[in-house]
């Protein structure tokens, strides 16, 4: 049993060990390679890192539930973009002209509603047709993105509200608004997954769907709720991000689904469902953001960053397989 | 057994895992043309021994000797090249491919440029299939075959090499009685060709029918070899579990209560037709029939997994419609499914969470799980059902079959159902735990539960049931009381002999 505990500790703690490793590496390498003379682990830099982690991180929390369930959602990038368009465009609508700054909560509500509805569409199709979530959300990824382009053609949708920008750029107890959103979402979803009936059912369905059905769990509605949660979170991520930037391009949020999935997988969630942890997902999100920022800090360009992240993802999963005792009895291929 | 050189001999095999001596000096031998049974409870070391033989594990001590040649096994493929072939309980076939492709998978005959020599492939395959006297040919798609025929494909695969010893691991687990006869014919053919056969099974009837000698393992050590002709079931069982096993007919009668469940004219397409029966509180109603007789399908219909096409279901005298498992559970019908691992348990979850899975919603306060209440339920039923586990945190996948089954039963008992349906209560469970499960079922009836037991094992239905419903191809042939039933009239009823000319 002791041996099992050790490997479990290694598995759960691995991502945080990796983060520490990254911090050390970039701090040391930064001393020699960085063009700026600021230290990598500068407080401002770290706070910025957390803020920049938020858009991907918020969605990754939802993706963890979806993947624990044994599903996947490829449409989150498109939901992100469409919600952003609704958020910014609705602020300029004639009907809301008399609201003044009260248009902000209204637009937020509309954007979040958009996310929930789009998620519900995914969930309903998965539930009612029984088609694999990968295929369904691959379709809706294309479809939702099509809607973004139909809305405003190739042009960006813009609306800058200074009250909103002030709110988005505010710092409370040192942390940026976006960081607070990430923290709250992480805490809430962690609570859902570890303490609630819904979370318990999510693991059961992902591990053995048939046994879950036989235990009387209503799998279809459960999945619908999860797709609505991730839709909501994708929209929330857009709300947090575009409140500050004020302008959305129709191509924004592309490849977000892949960054999100990468973060979740780095955090140890299995693609086959049944296991995964919110806290480890947070680790995965931070590890990726650290890598992007760190490589930038030592002067690497974007293409190098992508190459390195790709290699590390494969290396980490290989290591995970080695650590996983079950892997040893598997057939050689 | 004219040849005095064993086809395969194991000498003093020792294999240890951290903390466990899984095999403790096991020796036995199989002669050419002999069927040698290997018996033992789950965990006795049979699988470990087979893995050693197949080169998956390396023994720390001891030798494997194939026809007097000490051999080191490195992989199942290498074992096969030495003439040691395994027929596994779980078939590993590529269902989309043809019989011929499956048989020669990895060793397809080739022509130049790596092209497959189809003509040769089919000719070779048909030659082997002819020896087995099967009703399909080399070009049949494996997925279209019955389980029994798929097993024949596995056996055919074994015959592509000059087999010295063939190891059958629970080969009859999913076969009907008719299919078993065919399998036994094939085994006796192999026998007459001088192949040594190791036959692993829990089923005594079969062992006594086809084997020459029986070797028994217990707790990883070799307990002796018996001549089949000179021994009996009790002796073998005692050797296996160290005590006698009670498989007598059920004679205990206690007070029966009201009718808990009544079914009138229930049909579901072609699966079963016009099925009627009732079960009282305090009664165990057995369902017996061949594979495909519709037993499991009836259970699934009662549990809301299938929609009936006709008929009515009455619970406590009131007509109900059952639309889903959730609905069935709400109305007090529970199902312990046939495939424990596939349908009954979430293997990656711990014992407690598995047990409380259906009622975790009721135990919660708001959306939050009440873990204290869950633990209480688990501890209560752990004691009640004598579930042996280090604690509730133990992952269910690590428990033995018998304890897993108790978790599934405890899961439903803790919700106090009106009707408990148990499909194949002891499939894949070792002899010792088997009688525990049987006693448990009797005890539940005595406590006033209405219990339905679906089983394909005759001794089991005879042992636990108060009444037995005999089914044949979707119809109820007859309902026996425990006084009326004999092995003979039960077999006649389930093979449809009493009925029409539709004998399978």
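Including glycine, each Cβ sits where the backbone N, Cα and C put it.
Annotations in TrEMBL come from automatic prediction, not curation.
Within the set A:56-88, A:254-286, the record from TrEMBL flags A:56-88 under the feature transmembrane segment. Ranking A:134-152, A:172-193, A:224-243, A:298-319 by CB pairs under 8 A with the transmembrane segment (A:14-35) puts A:298-319 at the top. Same-chain residues lying 6+ beyond the ends of the transmembrane segment (A:56-88) with a Cβ under 8 Å from its Cβ atoms: 107-108, 110-112, 114-115, 118-119, 122, 126, 133-134, 137-138, 140-145, 147-148, 151-152, 157-159, 181-182, 185-186, 189, 192-193, 199, 202-203, 205-206, 209, 222-223, 226-227, 229-243, 246-248, 250-257, 259-261, 263-264, 267, 269-278, 281-282, 284-286, 288-289. For the transmembrane segment (A:172-193), the partner stretch with the most Cβ pairs below 8 Å, chosen from A:108-127, A:134-152, A:224-243, is A:224-243. Taking Cβ pairs closer than 8 Å, the transmembrane segment (A:298-319) reaches residues 14, 18, 26, 29-30, 33-35, 262, 265-266, 288, 291-292 in its own chain, all 6 or more past its ends.
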